[in-house]
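**Student:** First the structure, which I've put down as structure tokens, then a few questions once you've had a look.
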Protein chains: 2
Amino acid sequence: MRSHYCGQVNETLVGETVTLAGWVNRRRDLGGVIFIDMRDRDGIVQVVFDPEQSAAIDKADSLRQEFCIQIEGKVLARPEGQINSDMKTGKIEVLAQQLTILNRSNALPIDFNSEVSEEQRLRFRYLDLRRPVMNDKIRFRAKVTSFVRRFLDGQDFLDIETPMLTRATPEGARDYLVPSRTHKGKFFALPQSPQLFKQLLMMSGFDRYYQIVKCFRDEDLRADRQPEFTQIDIETSFMSAEQVREVTEKLVRELFQELLNVDLGDFPSMPYSEAMSRYGSDKPDLRNPLELVDVADILKDVEFKVFAGPANDAKGRVAAIKVPGGAAKLSRKNIDDYAKFVEIYGAKGLAWLKVNDIAQGRDGLQSPILKFLPDEALTPLLERVAAEDGDILFFGADSAIVVTEALGALRLKLGEDLELNENGWRPLWVVDFPMFEATDEGLFALHHPFTAPVGVTADELEANPEAAISNAYDMVLNGCEVGGGSVRIHDSALQSAVFRILGISDEEANEKFGFLLEALKYGTPPHAGLAFGLDRLVMLMVGAQSIRDVIAFPKTTTAACVLTDAPGYANTQALDELGIAVKALKEKG
Amino acid sequence: MRSHYCGQVNETLVGETVTLAGWVNRRRDLGGVIFIDMRDRDGIVQVVFDPEQSAAIDKADSLRQEFCIQIEGKVLARPEGQINSDMKTGKIEVLAQQLTILNRSNALPIDFNSEVSEEQRLRFRYLDLRRPVMNDKIRFRAKVTSFVRRFLDGQDFLDIETPMLTRATPEGARDYLVPSRTHKGKFFALPQSPQLFKQLLMMSGFDRYYQIVKCFRDEDLRADRQPEFTQIDIETSFMSAEQVREVTEKLVRELFQELLNVDLGDFPSMPYSEAMSRYGSDKPDLRNPLELVDVADILKDVEFKVFAGPANDAKGRVAAIKVPGGAAKLSRKNIDDYAKFVEIYGAKGLAWLKVNDIAQGRDGLQSPILKFLPDEALTPLLERVAAEDGDILFFGADSAIVVTEALGALRLKLGEDLELNENGWRPLWVVDFPMFEATDEGLFALHHPFTAPVGVTADELEANPEAAISNAYDMVLNGCEVGGGSVRIHDSALQSAVFRILGISDEEANEKFGFLLEALKYGTPPHAGLAFGLDRLVMLMVGAQSIRDVIAFPKTTTAACVLTDAPGYANTQALDELGIAVKALKEKG
């Protein structure tokens, strides 16, 4: 029904007849001549209905926005003054000779040219997606997945599907459950990730696996989460952590080179401890020049208990952030707002110090806590942070967790507010994570319980679990974790030890992971892998504000689809067949 | 950890040192020398531990089947007499110099070399999949999906994901339901196909879409169905049925050429009516030379009511199948068994006639019904079927539905039993389906209710729905429907008319498909598509007996996973949070 896409019609076709199919993007009438901006997936071209040259002029008069049309016409060079150099097709126009109205359109419920609420955009998603700005994002995503597949196919990875109807996991509280009709009273779970299946695929000898796969998490949707999201899931046998990082780094580097013409260079590696200490985050945004500087050693002898307390506590931390040029830029009001901001992270206050004129000594400084800082602390403090005139220092002094989180968050906020972030892309690997995180309720796995520790036996691990470092790695890009993975445990004794450390009894482990523990007994190869969050990666690449913009049919922040009105009520007969009943009937009203 | 895959070590590497990683496939001891068949995903190579030349001989002595090992060794040409020309690596062996045992294996619960129950194979699927015969099937599947993606990418199709958590459909009885935590008492449904979303993608202007996507159907699993299965899902805008068939036929033709070196040629098209009349099936297996031959006109005046009744009934059918050479091959016992077989399809008997010596006239024929057939029927009957000496004829006389189904099934059974089917591949398109099927409960859509009729307006369709032909097409290969599709309705009046014809009230249509009917009002383009059943296509290509053999982790025929023991019981807290309760507790015991 077409000879060319609209966006392909250019000056090389002048004089030729083309057939186009698409939509009326815009219509203008000028002195009896009708101009249509005709749009399809590839672009926009100007179509002219001229009463003196076009038989279709009468029919064209009925055209309205988003009518679906087919035209046949002759490509003409635009007169000199009418060339539009902003348009790919701006040097030509198409003089319509035939017009077929394929479908009419009611007046649109959303205006393509002004801000529309996200609710309306999602309700009429099929119209929202017609907008080039949205259409391009989804097309870009298709280019990303196509590139990723070609790259991994080229590296001998096998695309293998894993089940969607799976066994509930221990983190089951966040599982979507699916009642079984055949086995009444029992439930499948939708996978939070194909983790165990990809390990089973390594045990099956497939050597290199990948899958671009939907995963599910039924949780309160924070700002930018989706109940169903997509992973680029990768697993390998007989490869070290370094080799997995090498191949996945190459994938991302070539992806950026091919689709964005950006050279990401080699990714630096940073231990988790350094990331937390210098950036207050396990996914540091290196575009932001600010750093956390530890100053506990300098302040541990001051009388000011706010500082001295945490400085002398093994679990405390005292650190400063220096904002160059911040003294003049930040008003008292700004500083108060930042103090409130860090309260979110548990900080009880936010001490600050402005360096107005360092040559004047104390008189050149301004701070509510100046009086608590004797010279023998102040001088080395200013030296440690390399303070210069115009700087402002912020201080955090509390438990290490609170200081790290609060200053880590403050660092990001200052970077944004003061537009300190450099442009471009700053990837890195964060490595050497602790195996376990200690909480009041016991030890938790920082990654997942199938992650291998570095260089310890099962006995050594159980003897001192908190000291163990995991062989895990996160790929971080501009402050987002875009991928994460690890070497997995391939030894059943070590796997059992990790379950015990996590407080999972042998009985519970057997019930939940018996098949895994058993599989580990039959020559499981060493294996390691990684998973990328595709939605987030694409979001970063296209510069979208939300992953919802790179998903064709996303759910709202309350996990609903306003387009199809899902979820909905099930009919009683269906529930009967499943052997379940809805308790919350009162909501149905 | 390896320099080569096992299967890649060949005579070009003689004299070189290689590092291999894989499994002990088999171990033999010959006069103190240990021979290991070492296996990885790519093949098997013979590794030799020679006490006179190999330091690793002691460690090698502990090797057992399926130990996971790494070896370093020197590639040697095999002595003349020991060359194994059946093996890719049969001209060489590797003299082991270093051995690392990466993981040990318990004695295997399944024997790789003898028949094992499917239950055991599925329970230890990770071992079952290590067998080259299984590993190859899954690898082949990955090659198929990779080829399909490259082909469709090359044709400007966009890979776009559609939701897995969707609205329940009207065929909802077979939906897997997913209770929502956020919206208690409400349910998502897992998609039986992305049909409506792919239509919405066309309404969104994406022009050409594809997705290799999981679909779900919660039904009693017949012989070879899976609760989750995979579709190659395709949709296009502005393309005719012929164009969709052309591109999808090209896809399959090139797929067979590339992966099987088979030229499928051009696919013939056959109207549904012809397929039913000649083959008694809407997916005829053209490898089978037998055909149904209508003989009602010849038999309508005989006194034998069994024939004359249906022959004079507008809804009846009388037809014959001629089996060349069948007279001698089929015993009375065989014929009785076939009579029982057709009873499954509602036939009340199976008349037959053996042609022993046609030159002798009646004396050369043998049949219980010979006496009911006067010469004026017998002669044209034998002419119509071109009977020759040695043939047997089977007759069906009943309602058209029963005769068509029974003789269609008998045709397939005879083809198999008598090994009549030719080898090779016989693809075809079945086209010109009726829009609706009349049943006692009203009209049903033969495809789905979004299928467009050929050449009628909404009014014309409503006036005479049973006469309407749909613009649908099935791709059939060797008697399997491997793909099916249609032109879709892009006009809201026509869509509403189809809903009414199907007995769906306007109110019900609006509740269930309001979003579709609304979307049709905003310049929906003409669109058409097709979906392939990937599992079945791969099964045919690799010659597997079941789709379970081409799915890494299939469910059993009772829709369970015996490997992970899913589905399982949910904990009460999880159910509470979902606002549902299990009624069938007694099953829990």
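Heads up, the Cβ atoms here are built off N, Cα and C, so glycines get one too.
In case it helps, TrEMBL gives these features for our protein:
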- B:G81: site 'Important for tRNA non-discrimination' (SITE)
- B:138-554: domain 'Aminoacyl-transfer RNA synthetases class-II family profile' (DOMAIN)
- B:E171, B:R217, B:H447, B:R488: L-aspartate binding site (BINDING)
- B:195-198: region 'Aspartate' (REGION)
- B:R217, B:D218, B:E219, B:Q226, B:E481, B:G533, B:L534, B:D535, B:R536: ATP binding site (BINDING)
**Student:** Please report how many Å separate the Cα atom of B:H447 (L-aspartate binding site) from that of B:R536 (ATP binding site), as a whole number.
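**Tutor:** For B:H447 (L-aspartate binding site) versus B:R536 (ATP binding site), the Cα atoms are 19 Å apart.
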**Student:** What are the DSSP helix, strand and coil residue counts for the region 'Aspartate' (B:195-198)?
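**Tutor:** DSSP composition of the region 'Aspartate' (B:195-198): 4 helix, 0 strand, 0 coil.
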**Student:** Going by DSSP, give the three-state secondary structure for B:G81 (site 'Important for tRNA non-discrimination').
**Tutor:** helix
**Student:** Give me the CA-CA distance between B:R217 (L-aspartate binding site) and B:G81 (site 'Important for tRNA non-discrimination'), in Å, as a whole number.
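**Tutor:** Distance (Cα to Cα, whole Å): 57 Å.
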**Student:** Determine, from DSSP, whether B:L534 (ATP binding site) sits in helix, strand or coil.
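**Tutor:** B:L534 (ATP binding site) sits in a helix per DSSP.
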**Student:** Taking only the Cα atoms, work out how far B:E219 (ATP binding site) lies from B:R488 (L-aspartate binding site), in Å, as a whole number.
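**Tutor:** About 26 Å separate the Cα atoms of these two residues.
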**Student:** Check the DSSP secondary structure of B:E219 (ATP binding site), expressed as helix, strand or coil.
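**Tutor:** Assignment for B:E219 (ATP binding site) reads coil.
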**Student:** Restricting to the domain 'Aminoacyl-transfer RNA synthetases class-II family profile' (B:138-554), report the mean pLDDT as a whole number.
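**Tutor:** Taking every residue of the domain 'Aminoacyl-transfer RNA synthetases class-II family profile' (B:138-554) together, the mean pLDDT is 95.
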**Student:** Mind computing the max CA-CA distance among B:R217, B:D218, B:E219, B:Q226, B:E481, B:G533, B:L534, B:D535, B:R536, which the record assigns to ATP binding, rounded to whole Å?
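**Tutor:** If we measure all Cα pairs in B:R217, B:D218, B:E219, B:Q226, B:E481, B:G533, B:L534, B:D535, B:R536, the largest is 20 Å.
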**Student:** Reported as an integer number of Å, what is the Cα distance between B:G81 (site 'Important for tRNA non-discrimination') and B:R536 (ATP binding site)?
**Tutor:** 44
**Student:** Using the alpha carbons only, what distance in Å do you get between B:R488 (L-aspartate binding site) and B:E481 (ATP binding site) once rounded?
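**Tutor:** The Cα atom of B:R488 (L-aspartate binding site) is 20 Å away from the Cα atom of B:E481 (ATP binding site).
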**Student:** Looking only at B:R217, B:H447, B:R488, B:R536, which of these binding-site residues has the biggest number of Cβ atoms within 10 Å around its Cβ?
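**Tutor:** That would be B:R488, with the most Cβ atoms nearby.
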**Student:** My understanding is the cutoff is Cβ-Cβ under 8 Å with a sequence separation of 6 or more in the same chain; which residues meet that for B:L534 (ATP binding site)?
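**Tutor:** Listed in sequence order: B:R141, B:V144, B:T145, B:I212, B:F229, B:T230, B:Q231, B:I232.
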**Student:** Per DSSP, B:H447 (L-aspartate binding site) is which: helix, strand or coil?
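**Tutor:** Note: B:H447 (L-aspartate binding site) is coil by DSSP, not helix or strand.
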**Student:** Using Cβ-Cβ distances, find the residues under 8 Å from B:E481 (ATP binding site) that belong to the same chain and are at least 6 apart in sequence, listing them in sequence order.
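**Tutor:** Result: B:D282, B:K283, B:D474, B:M475, B:G533, B:R536.
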**Student:** Would you pick out, from the recorded positions B:G81, B:E219, the residue whose Cβ has the largest number of other Cβ atoms within 10 Å?
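**Tutor:** Ranked by Cβ atoms within 10 Å, first place goes to B:E219.
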